[in-house]
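Encoded as structure tokens, the structure appears first; notes follow it.
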């Protein structure tokens, strides 16, 4: 397990966690989430593209994480551009939540392992704006041989609890498959 991911799992939830997962300094902000929301509104797509555009199948093996993805539960995420070091940001729109508060889009920050074979592994953190919880996703991108691009992910969700005695119920683990939708 990478030192950066381990730190993200062990650290308390908060903005610093999200920044640390992306390798950002504490005074930096993801920024891409706000910009992408403004761009989506400007194109009259709200937070989800009005037309489901099929991404052209890439002949190369390189998996490009940028764009809109939807998982098997209906949650959607937009990954903004990826820098030369593999760091990225975006916004996550969950379709499921156990909180009683209204769901809000939340920023995601992460990085991918850049490799010549194109089958990248990646990780990102989502600091939920509407609840006292943070999720860490790790996964791998598949899309070789002209097949549909998919992201196979595993995640860990940490919710705040009222005491150490209740720590046993604070963490959930799961898996999701994301497919490119635009």
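Glycine too: its Cβ is placed from the backbone N, Cα and C atoms.
Just so you know, TrEMBL annotations never went through curation; they're auto-generated.
Annotated features in TrEMBL:
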SIGNAL    1-26  signal peptide
DISULFID  63-141  disulfide bond
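Counted within 10 Å of its Cβ, the other Cβ atoms near residue 63 (disulfide bond) come to 22, all protein chains included. Same-chain residues at least 6 positions away in sequence with a Cβ under 8 Å from that of residue 141 (disulfide bond) are, in sequence order, 63, 65, 112, 119, 120, 121, 122, 149, 150, 151.
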